[in-house]
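What follows is a single structure, written as structure tokens, with notes after it.
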Amino acid sequence: MGESNQSVTSDFTLMGLLSHSGPHLVLFSLVAVIFTMGLLGNSILLFLICTDSRLHTPMYFLLSQLSLLDVGFLLVTIPKMAANFLQGEGSISFGGCAAQMFFLMLMGVSEGVLLSLMSYDRYVAVCHPLHYPVLMRRQVCLLVVATSWLSGVLVASIQTSITLHFPYCASHTVDHFFCELPALLKLSCADTSAYELSLSISGVLILLLPLSLITTSYSHVLRAVLCMHSAETRHKAFTTCSSHITVVGLFYGAAMFMYMVPGTHHSPQQDNVVSLFYSLVTPTLNPFIYSLRNREVRMALVKVLGRTGFMSKR
């Protein structure tokens, strides 16, 4: 009992992703550049959506929430990893570990739900354009966003409290570069097999149900796009939806590997790579996937640059 209580107040040690060797210093610089690009890209997209009236539409409102979640992913994981690397240590308090796990779970679940609801938005826009102003009115958009955030809070609260309830009376060294649920479960001195099984089952509900909605929505969208007579309209709809499908593939592929495949079937090194992918690479790519392939966003950026005098100076 004393060991269990002691585990609650003890710090954890994160193994980290990088050492101070030459190749890893280069990789750290690359991570820093990607992190800066991701933070800047999502912040610019948020700013454009808030300030340009042409982007005050349901699709861009949902996209702004996606960017907000991506900023959260970047800020929760990478600064701590960078600080540990620069300081040459990997300690993190019990509270800090709990906060990392809670917010990562919150943002992951919220983003999964949001992506599925964004696919419904595209389905309505392409398949029922005349009903779009009614089906995606402001109240519906707010309900959609509230659903995604509340589902994230609910799942994160339950999963984090259960995980931290287990006794950690052995090693406190987390073989990961941040506190993530599967990595922490490996340290528990209690039998977690039943909980890991329930986690895989809940993963089916949390991941596969939204994914089935996305698949259904985009199958209808693809059928409608192929039947369009106007080549320009067909190209615009296909471009927008293909960018959404790309985001979905990147996000769900990594999430399913981490939370649906049992921990015994993948190594800590694989976990680190996959986690780096969805906590850094995907949040960085999302704004560029949307903005570089979207004329309205490019026009809004040009307008802002022209207003600040940047374009005229060039």
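Going from the start of the chain as shown, residues are counted 1 onward.
Cβ atoms are placed via backbone N, Cα and C, with glycine included.
Since we're looking at a predicted model, the values are computed, not measured.
Among the features that TrEMBL reports, domain 'G-protein coupled receptors family 1 profile' is placed at 41-290. Mean model confidence for the domain 'G-protein coupled receptors family 1 profile' (41-290) is a pLDDT of 85.
What TrEMBL records for 25-48 (among others) is transmembrane segment.
Here TrEMBL flags 60-78 (among others) as transmembrane segment.
What TrEMBL lists as transmembrane segment is 98-120 (among others).
Long-range contacts of the transmembrane segment (140-158) within its own chain (CB-CB distance under 8 A, at least 6 residues past either end) are made by residues 58, 61-62, 65, 101-103, 105-111, 113-114, 117, 121, 202, 206. What TrEMBL records for 140-158 (among others) is transmembrane segment.
Annotation comment: TrEMBL describes 197-216 (among others) as transmembrane segment.
If you look up TrEMBL, you'll see 237-261 (among others) marked as transmembrane segment.
For the transmembrane segment (273-292), same-chain residues at least 6 beyond its ends with a Cβ under 8 Å from one of its own Cβ atoms are 17, 31, 34-35, 37-38, 41-42, 44-45, 63, 66-67, 69-71, 73-74, 76-78, 104, 108, 176-178, 180, 243, 246-247, 250-251, 254-255, 257-258, 266, 298, 301. The transmembrane segment annotation in TrEMBL covers 273-292 (among others).
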